[in-house]
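Read through the structure below, which is laid out as structure tokens, and then see the notes.
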């Protein structure tokens, strides 16, 4: 009697488990837009609680070990709960956090929380600063909180999605519908667009105009590391026979390729500003044009059901959806042109009110356009598709992020108005440090590097742990340890004043 071929059995078991994992993230239909909003509302609500603790009790100043633990539990732990244990009741979690904020606010403020005037700065002015050393651009606390929260949720979801505790309706939709992770990938691109507007604003302040050739060269330099990461991911996924969802981006394409090709195309589209003097206008025109092609040609059918018989057709999802992501990026740049410049010479109340008015107005405009594109009774009744990155998806991502950014800004202006009335660079820096979570600041500082670390650790966990067989307790233990490691590295890099540029 021959002995069983254990090697062949192991190979069959590994293949069946890989197929099980691929099936686990395939053919999903997502959830409602309202539920996604309820879950994501936890982020600004947590920021509200953090801000009450800081503004009323100076809880995080000085930044003690206890302060770090509470900072981590609020800005990481609460978001982790919102997509796991409280995934079916996000409203309850929001109510609990708001109740805690109300309780802290009711406690008399500590003496250390009273604002102290900052000493004048001796900083010299330049073409991009005023005599008080204040740049024409500012890194506002609510931007750090917004981007930091987006990165935290992204890092949580890329691993949590492989566990059964993470609801399937939060995972990426197969073709039509909305989900938390569909919003996450679009938000990553949108926030990158906000940051990308900073060098453009500096050029305007200095009265410079960079030639197209120079812009393209600079953009390719920025793209090379991202494209290299895309190649590394491609080789590692294929070489390790890692489970993958082909209809997400295609056979070879991945999100790093999308990020890598954005800069040169953005540089090209900047030349169109002479005709359409608005990044938001360019974003809408591009997305409407792409949607028109989808509806009037065979492109949509080819993307969804075409045969994969060439390099182009094998990667059709990633290549075609790129135009939708480019529109999202351009819309992010447009908002960056609004929120990054400072209002020099204005009082904190006036500058904060003007900023909120602009942001709220833009949020309303984008929400209105999303309604017109998707409403079945009064609009065009188009369906959202992240796979296509079509017009409704672009409008949903932009409108959602505009609203979320507005919520963070309201908390910022209400609880830390001193930032907007800072008279010099030193006072502004002190106000920024007071109003910003150290954990979120660390995530924001090395965002792409932290995201890459999250991807590496996600791969490591999936190669060593049968995630689909993990129970609830084991899942939470792994996720807490994983986020603790990611947060520890991010905070450590920030403490050592290390910035990794990719």
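Every residue, even glycine, has its Cβ placed from backbone N, Cα and C.
As stated in TrEMBL, the feature transmembrane segment covers range 65-85 out of the listed 65-85, 128-148. Residue ranges 13-36, 37-60, 109-132 are listed, and TrEMBL annotates 109-132 among them as region 'Disordered'. Ranges compared are 393-416, 417-440, and TrEMBL records transmembrane segment for 393-416.
Cross-referencing 295-313, 447-465 with TrEMBL places the feature transmembrane segment at 447-465. For the transmembrane segment (252-269), the partner stretch with the most Cβ pairs below 8 Å, chosen from 33-53, 322-342, 354-373, 393-416, 471-493, is 322-342. If you look at the transmembrane segment (65-85) against the transmembrane segment (393-416), you find fewer than three C-beta pairs under 8 angstroms, all six or more positions apart, and that falls short of contact. Sequence-distant residue pairs (6 or more apart) of the transmembrane segment (393-416) and the transmembrane segment (322-342) include at least 3 whose Cβ atoms are under 8 Å, placing the two stretches in contact.
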